[in-house]
Amino acid sequence: MNAAGTAEPRERDEEAAAAPNPADPQRPRGSISSFIFISFILFLLTNHNGAELVAQNQYREMLRSYNWQLGNYSAWLNGTESNFTLPERDPLLEPLVHSFVAPGTELDPSTSSYYSNITGYIKSTIKFHNLTVPYSSNNSDTPLPPWVPLANSLMEGVNMTELVESVSLGGWNLSAPERAGWNGVEKLVSGSWRFNSSQPRDDIAMIHGRMDLSDPKTGDEFRVTFEGVHLIKNGSVYGLAEPGEISPDIRHLPAVVPQPYMNLTAQLVEPELAFRIARLKTQLDAGSIDFSTVISDDQNQAHPRCPLTLFLQLKPTSIPADQMSELEAELLKPTGITTVQDPGIKLEGVMVSKECGFVWELRDGEGVRSNVWYRMVTTYAGASALVYLCLLALLARQMNVSRTPTNLSRLSRWSFLTQALSDAIFFAGHITFAVVTDGQPSISLVAPAFLACLLFVYEAQFAIVIVQTQAPEDVTPTPPRQANNTGESAQEGQEGTLVVAAPSYIQRARSFYTRVTAHPQFKMWLTLALFVAFVIRISLYPPLALFVLGGMYGGLWVPQIYRSARRGRTSGLTAEYLLGTTAFRLAIAFYFLAYQGNVLDIEAKEWFWPVAALLLAEVLVIRLQEIFGPAFFLPKRLSTVPIYDYHPPMPLPDPEAPDQSLGDCAICLDAILIDPLHSRRGRSGDGKEPGDLDLGGLLNKVSRGAAGRKSYSLAPCHHLFHTECLERWLAIKNICPQCRRPLPPL
């Protein structure tokens, strides 16, 4: 009986009673708790944090605004009393615009033509011009550009204080953008619409869209929303633009077009307003509201107040007008007929902001029609789905080869986790891409997204299996419990209650940390949680995602090389999986990082080629490890890996003993014999065999001794087995079958 009396046995009984019994079946989750859990998940998936109500209110406000605009504009067109007044034309604005870009002219339809519909995606370079800087020809011998006198005249009388306030709003650097991505949607005039009761007009169209201006140095983007009019005969586009998501007032478009087109444009605006009102009513009645169109007050204040006047000019093509019409009809509704080759959209333009005193000059604009881009996306989706299918097949074959614990112990978990992380990023990117396109290619993008998700799941599952197999290597031994000498200090025969001091906060924290880190799957789940958080974080910033993918691909096989050299064993990766996975992943990276014509319009990165060379060098090192050894590239003092010897010399049993064995095997429970032929050997009278006295007998004994040493295996925990039994056991588990301690490779 100890100083605590019966307290310790009672505590043991309570702990034993509280411990779960593995034989008892676990109670299933209650129906109420399951219902609450599923309801909570559905709430998280369907909750928009009030965005639906905000979007409905904004749609109603927009509908009231359009109704008010249409009423006043119709009254103004009819010459009755109205609150609408068309802004005055600035006589210097049109000459300034044409000093940058020459206006288009009507072409000979038999030799050349313009695109009649420029709905599509265009990219161009940008050059910033500051109109507020005074230019003088006396400061330099270089002649001034032709637009300088016009800019000086345009900016006379501008309030510089208001200009600075408008430009500085939002903290944007308007001179930083170097590239522009233009997404325009053109709407031809309805055939029932006539100008002044004349014949239907097909030489003018409304166009609207967005333009994203980007700074490649910082990755910042500046969005501009524009509304305009496309004059089809001369290939010119005149319009208005506003920074941010707020569309400009289309009633002001007649003030920016040339004088001959003012009345025609004014008549065109009215049916466009009526169409937008009808569309908003339909969306509100059907409840089909796009939550991405919700504009917050912070977004309104995050851009400079710089209204822009837009002018774009298409470059003529060498295709006759009739063949161009045939080409555009085939692009819109493919029938399989043979047409001329699509030359692509090429344009140049300029955007002027008098209120902010600058000009954005658009140069070398090139793009494709939206139908052509949809085909490009569909082709990419099919090719990427085929690549991911091949990666999935290669992974399945490698998993089939590496299903034994011996082969799993050779693999590095980090190489597969890196691939899983990259596939998770590609899955999120493809899903986002499919949602953003919201058209014909959306369905095709689901295929590579699904395969990328499937590949991520299998790679993560395989990495977990590797971690579980290699868990005994990283087990942290439990620190020994410190002896409690309180009971020894108590006087013998004195009865009392043992007073145990409560552990401090630091001790409890240290104990909790020890228990958690000792769990074999703790590091794995922690790594997966960090990976998921990392993927969500970098998905919000595409340049960072590309940089991270490049870094992961550059060091994809480094963990495998390190583990092979550290463990003194080859990688266990088949040449098929190693070369195939590397080739397919480099193909995906090449498309986005080195190919100029990718569907996302990502600029070619110069650092892709060093990353590809590094990855190929890693593959070469792994293959050389198979030939020259895992540590062939290390110095001798570092390349020597201690390998456990399962067949050490052991003392032979007494030759006079009737049982010539080392003991029983812990697996098959049979005797372990040093020389299985011992029982069949004849003995002479003096105890020596006839062949023991010659050289052949001596060599025979040496060979039998070496073979005898291979017949048994002594584990580090000093448990003895038959070598064949232990090999079959290690093919299933890499722990000792008797004491459950981890075993090194045999």
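Note: Cβ is positioned from N, Cα and C throughout, glycine not excepted.
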Residues flagged as region 'Disordered' in TrEMBL, choosing from 215-234, 475-494: 475-494
Stretch-level contact, the transmembrane segment (372-395) and the transmembrane segment (577-595), CB cutoff 8 A, at least 3 pairs: yes
Outside the transmembrane segment (416-436), six or more residues from its ends: residues with CB under 8 Å to it: 384, 442-443, 445-446, 448-449, 452-453, 455-456, 459-460, 462-463, 466, 527, 531-532, 534-535, 538-539, 545, 548-549, 552-553, 555-556, 559, 581, 585, 588, 600
Per-region confidence, the domain 'RING-type' (665-740) (mean pLDDT, whole number): 65
